[in-house]
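Asker: Heads up, here are the entries from TrEMBL:
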| type | residues | note |
| --- | --- | --- |
| BINDING | A:Thr156, A:Lys178, A:Thr189, A:Glu269, A:Asn388, A:Ser393 | substrate binding site |
| ACT_SITE | A:Thr189 | active site, nucleophile |
There are 2 protein chains.
Amino acid sequence: MSIRVDRDTGVTAPSGFRAAGVAAGIKSSGGPDLALVVNDGPEFTAAGVFTTNAVKAAPVLWSQEVLRHRRLRAVVLNSGGANAATGPGGFQDTHATAEKVADRLDTGAIEVAVCSTGLIGERLPMDAVLSGVDCAMSRLDTTATAGLAAAGAVLTTDTHAKQAAARASGWSVGGFAKGAGMLAPNLATMLAVLTTDAVLTGEVLDTALRAATRVTFDRLDVDGGTSTNDTVLLLSSGTSGITPDEREFTEALTAVSLDLVHQLRADAEGVTKEIDIVVRGAASEADAITVGRTVAEDNLVKTALFGSDPNWGRIAMAAGRCGARVDPATLSIHINGVTLCSAGGAAADRSAADLSGKEVEIVIDLGVGAAEATILTTDLSHGYVDENSAYSS
Amino acid sequence: MSIRVDRDTGVTAPSGFRAAGVAAGIKSSGGPDLALVVNDGPEFTAAGVFTTNAVKAAPVLWSQEVLRHRRLRAVVLNSGGANAATGPGGFQDTHATAEKVADRLDTGAIEVAVCSTGLIGERLPMDAVLSGVDCAMSRLDTTATAGLAAAGAVLTTDTHAKQAAARASGWSVGGFAKGAGMLAPNLATMLAVLTTDAVLTGEVLDTALRAATRVTFDRLDVDGGTSTNDTVLLLSSGTSGITPDEREFTEALTAVSLDLVHQLRADAEGVTKEIDIVVRGAASEADAITVGRTVAEDNLVKTALFGSDPNWGRIAMAAGRCGARVDPATLSIHINGVTLCSAGGAAADRSAADLSGKEVEIVIDLGVGAAEATILTTDLSHGYVDENSAYSS
């Protein structure tokens with residue numbers, strides 16, 4: 001199967017879904033801050049993956065419970081506040097939000113997932129949230145415009161909405177995602193809602209979602225900051241009447257997820273370089289991921305790349321310090337196709353690597369095994385420092 | 001014992017040591033770049049601790065071998081090049097440097113340790129290094145000025161030399177250190193030479209050095225970059241004729257090391273805040289260190305502190321993601337004496353914490369045990385990005 005992904009549509013690309021995004025008054029800026037995605041069925045199977053952070057936001061605790069049933073009628077999302085580190089009161093706020101959506105849909109709160117993003121440690125203005133739900137309900141629509149409005153209402157420091165969709169024979173997958181900082185392994189300060197009209201059991205959805213996120217959302221690492229709120233949800237309406245091959249479905253889901261991850265990286269805080277760190281020849285995939293993440297999170301590597309400096313010595317340092325099996329004698333480092341380090345020593349002069357463009361590919365061949373993994377990251381720029389020091393977020 | 005540490009003297013504070021620092025022409029800037037510390041005995045016991053990085057520089061590999069004998073006549077150090085990732089040729093360069101020093105001292109190369117710091121991946125200009133050794137030999141002296149010259153010749157992006165000394169009853173400990181970026185756990189891109197005139201066996205020196213570094217050099221974490229070259233050496237001349245109590249000696253050594261670490265932090269790249277991260281109530285000391293380091297390395301925490309923003313939510317996020325035992329229900333966070341987070345939720349308004357000064361103390365009480373650890377770090381500023389993106393280092 002060759003999968004084509006487009007960005008013209010998102011969560012409403014599969015039939016059976018309505019979406020809305022509104023300005024509910026949660027953000028002091030007055031911008032869009034509440035999104036709703038409703039599954040009109042006939043199927044309501046769903047799956048979710050959540051942050052590994054021990055400090056989980058109230059909506060994560062709630063949605064994890066809800067997803068035990070692998071069934072969702074709707075997802076309500078807000079920006080303007082993470083509802084994390086808000087104690088029992090924050091959890092009650094999440095529950096009240098789910099109840100409100102459930103009432104309007106004539107169902108139970110147990111079928112409504114909640115996602116929040118924004119500043120940690122502040123309670124949400126619940127009047128705004130609840131009246132926002134009413135407003136969003138009145139605007140729910142199946143159009144591409146409605147899907148885009150939902151994608152736009154979850155943005156924080158993102159500069160634009162991110163959505164993608166893939167169409168197969170008779171069924172489709174779509175979705176949106178947000179995330180700009182606190183972007184790191186094991187889901188990336190990030191909320192994503194994925195939809196499909198394929199007919200699949202909850203077990204298959206769950207397996208496919210874990211397989212897709214493991215090589216997409218989990219491989220994005222902007223600043224190591226695995227957030228309190230990371231959530232990826234997958235909802236199936238079943239309107240297509242088609243049950244695709246499981247592998248084919250996972251491929252389509254992975255393609256849409258990867259496209260969303262590329263969009264997240266391109267819009268990360270302060271980004272001036274979009275960097276692929278390809279780790280090859282590792283003793284295990286876990287080692288490859290560890291090396292890739294350590295290099296991705298290393299501020300000396302990130303600042304050198306901001307300066308368009310192919311400083312492979314810093315890459316070797318980061319690889320060596322991460323605890324993975326690294327042997328200097330077999331280490332090679334290639335930047336944008338130029339071999340700068342071979343057998344642990346200098347190869348081509350570093351000036352041979354051209355880093356003037358926005359895209360950078362770093363290939364680290366550990367030469368100790370056959371496993372590999374790719375981590376996606378960005379540079380560390382003055383823009384990142386500005387965005388994260390100038391105000392609380 | 002109350003230990004007073006002063007910064008007027010360093011490696012030459014204990015008697016039996018001569019030092020020198022010269023401009024050998026290794027650095028293109030023409031600045032001081034070669035240092036020599038010679039132990040004139042009668043004792044020559046020594047100990048060393050080295051980077052945990054798998055990619056070890058040639059001088060680290062050499063000095064680790066040399067220190068197996070726990071005996072040193074001299075240490076030769078250079079800035080202007082790390083001699084890391086330089087292969088067998090780089091190792092030969094290190095060996096030739098030790099041979100040169102040994103010849104001049106009429107001893108064997110096996111009694112000479114070598115340290116290097118600077119850009120990774122470049123061979124050293126050996127003509128300059130070897131003639132620099134001759135020059136340094138001719139300037140060796142027991143004066144405080146000579147000790148300071150040695151401390152000054154190992155600087156890279158440091159802005160000034162760092163030395164400290166402590167005097168006990170009849171014996172003393174002194175030393176210098178360098179390190180400005182690539183500063184991280186398990187020794188901090190950092191070279192340090194410590195001296196004493198106390199009479200101690202190699203085993204006692206080794207035990208004392210490991211005890212001291214574990215709670216000083218190992219607790220500094222500026223940017224997570226455990227370097228290829230980190231080395232701390234301790235040499236004893238035995239001229240005092242006194243064998244102090246082991247605990248008393250360790251206390252003095254720890255005090256001098258801690259003072260050097262504070263100096264390293266105060267001169268770290270781009271530093272505008274000197275931050276103590278005190279982790280209490282941890283299930284284990286390892287957990288306390290993990291939480292402290294993760295918070296210290298978190299770019300969102302570091303940029304918030306640069307912006308004088310007491311954003312405790314980011315601290316909670318970083319603590320939660322590090323894998324240590326963290327329970328939101330018992331977590332409290334105190335910044336400069338103000339409790340901002342209690343039982344995992346907001347306490348005092350964040351405006352109550354004043355971060356306008358240079359010194360910041362963050363106390364994270366996990367409330368799950370009795371172990372604690374303090375990690376020393378800095379903020380992430382435009383200055384750090386400038387220093388590390390503007391040129392190769």
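Note: Cβ is positioned from N, Cα and C throughout, glycine not excepted.
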Asker: What is the Cβ neighbour count of A:Lys178 (substrate binding site) at a 10 Å cut-off, with all protein chains included?
Answerer: 28
Asker: Using Cβ atoms only, which of the binding-site residues A:Thr156, A:Lys178, A:Glu269, A:Asn388 are under 8 Å from chain B?
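Answerer: Cβ contacts with chain B under 8 Å: A:Asn388.
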Asker: Going by a 10 angstroms cut-off between Cβ atoms, which of the binding-site residues A:Thr156, A:Asn388 has the sparsest surroundings?
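Answerer: Among the binding-site residues A:Thr156, A:Asn388, the sparsest Cβ neighbourhood within 10 Å belongs to A:Thr156.
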Asker: If you count Cβ atoms within 10 Å of the Cβ of A:Glu269 (substrate binding site), leaving out that atom itself, what do you get?
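Answerer: Excluding its own Cβ, A:Glu269 (substrate binding site) sees 28 Cβ atoms within 10 Å.
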